[in-house]
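Asker: Positions annotated as transmembrane segment by TrEMBL: 31-53, 65-83, 98-118, 139-161, 204-229, 249-269, 295-318. What TrEMBL lists as domain 'G-protein coupled receptors family 1 profile' is 43-311.
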Amino acid sequence: MNADRNETVSKMSLCGVFNGSDEGMTTFEQLFYIGSGVTGFVFNTVVMLIAVLHIDTNDKPRQIIVINMTVADLLTCLVYMLTRPFLEHLPVLFCYPYYVTICTVQLCSCFNLLWLNVDKFIFVQFPLQYYIIVNRFRILIVSILTWTAIISLVMFAYHFMSYRSNPVSVLPRKSIMNFIILSSLINHHNEFQPRCDLVALPPFIYTPICVMYISLIIGCFTISVIIFLIAQGSNRIENKARSKLFQRLFFLFCSTLWTFFTCLPYRLLYLTTIIESHLTIHYCPSHAMMTTTDFFFRVLVLGTVINPVITIVTQRVYRERLLWYMKRIRFTVCHSNDDPDATNRLHKFTSSMLKDERLCELHPEYGQKEKAADESRNGKQLL
């Protein structure tokens, strides 16, 4: 056992670029993950509250897919980002459910983005049959099957997980590249105390999972390109109708492109490192490779934080609801509780906002007129 460990350590010592002490994360990295986790949790919670309280999934069944994506991102921020700096202190009993949760929500996020692309493809390609093909019940069934299948798959995959030994000050833990190299070189040793930050999957498990990530992202991007070409090349609709169509597709395109550019580079680099570490004896990645992989891992983390922002900015219902709540909070703060008429004014303000909202839903042109009137009043005030 000791001979095998010494051989592993000697092999890894050849990578001089990784030499350093096992100091853990820097303060900046801890603040980065905690800050990203808190920010992403707040944004995703806002989207979830608006969706649960104000979205009619019978009228807009595709919003169920958006809710699934939001739940996945919310759990990523809550379970992964906020705990990553303290992962080594997590009780071993929670390691299995911890990694099952992380892998499940990441795969579910990608799968639901794929379903959203398929939904929009049906909407663009078969507009007359769309509401016959797509309804709330069918999307609920797809969502339940997706979550169930992924949870089962990930639970099976992490049944094979093992705890890596921690060599004496060979690699600094703070680099994500070190996790990849260690995962491929070090196996479980009973003489070491297992820790949740030293978990590895065998190559025949994590390689297919990584390939699945990449395939899903490329599949989403490919379908979005097809949707764009269909919408752009259609001669059956006028320019005004085409403009409205692209407005409805804007959220899909933004989400797909953002996922493509924030997730795919890291997944490709990760897969490349895995393959080379098993094909090359004494594999030692270059400093540029290590730095690039670490950079895109942080980009991936930021991508999860920005996802709810894209949802709010590109979808009118979320944007208007958030502005409504912000106006109501500002109105409440600006009027003292000591004012006896404050409650009545707040009630009138809320009733007025709800009335305007119902009118906008029933008659979209009313909302456009109100918006134009507000812009006109603002312009006069500036003059």
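Glycine too: its Cβ is placed from the backbone N, Cα and C atoms.
Map these features onto the structure and tell me what's around them.
Answerer: Here the transmembrane segment (31-53) has Cβ contacts under 8 Å with residues 25, 63, 66-67, 70-71, 73-74, 76-78, 80-82, 84-85, 298, 301-302, 304-305, 307-309, 311-312, 317-318, 321-322 of the same chain, all six or more residues outside its ends.
Summed and averaged per residue, pLDDT over the domain 'G-protein coupled receptors family 1 profile' (43-311) gives 86.
Below 8 angstroms of C-beta separation, residues 33-34, 36-41, 44-45, 47-48, 51-52, 55, 57, 90, 98, 101-102, 105-106, 108-109, 112-113, 115-116, 119, 139, 143, 146-147, 255, 301, 304-305, 307-308, 311, 315 of the same chain, each at least six residues beyond the ends of the transmembrane segment (65-83), sit close to that stretch.
When Cβ-Cβ distances below 8 Å are used as the criterion, the transmembrane segment (139-161) is approached by residues 61-62, 64-65, 68, 95-96, 99-100, 103-104, 107-108, 111-112, 115, 119, 199-202, 205-206, 209 of the same chain, each at least six residues removed from its ends.
Listed by sequence, the residues of this chain that lie at least six past the ends of the transmembrane segment (204-229) yet keep a Cβ under 8 A from its Cβ atoms are 103, 106-107, 110-111, 113-114, 117-118, 120-121, 124, 157, 160, 183, 249, 252-253, 256-257, 259-260, 263-264, 267-268, 270-271, 274-275.
Nonlocal intrachain contacts for the transmembrane segment (249-269), taken as residues 6+ away from its ends with a CB within less than 8 angstroms of a stretch CB, comprise 69, 110, 113, 116-117, 120, 124, 210, 213-214, 217-218, 220-221, 224, 227-228, 231, 289, 292-293, 296-297, 299-300, 302-303, 306-307, 310-311, 314-315.
Distant neighbours of the transmembrane segment (295-318): 32-33, 36, 39-40, 43-44, 46-47, 50-51, 54-55, 66, 69-70, 73, 76-77, 81, 176, 250-251, 254-255, 258-259, 262-263, 265-266, 269; these residues of the same chain sit at least 6 beyond its ends, with a Cβ under 8 Å from one of its Cβ atoms.
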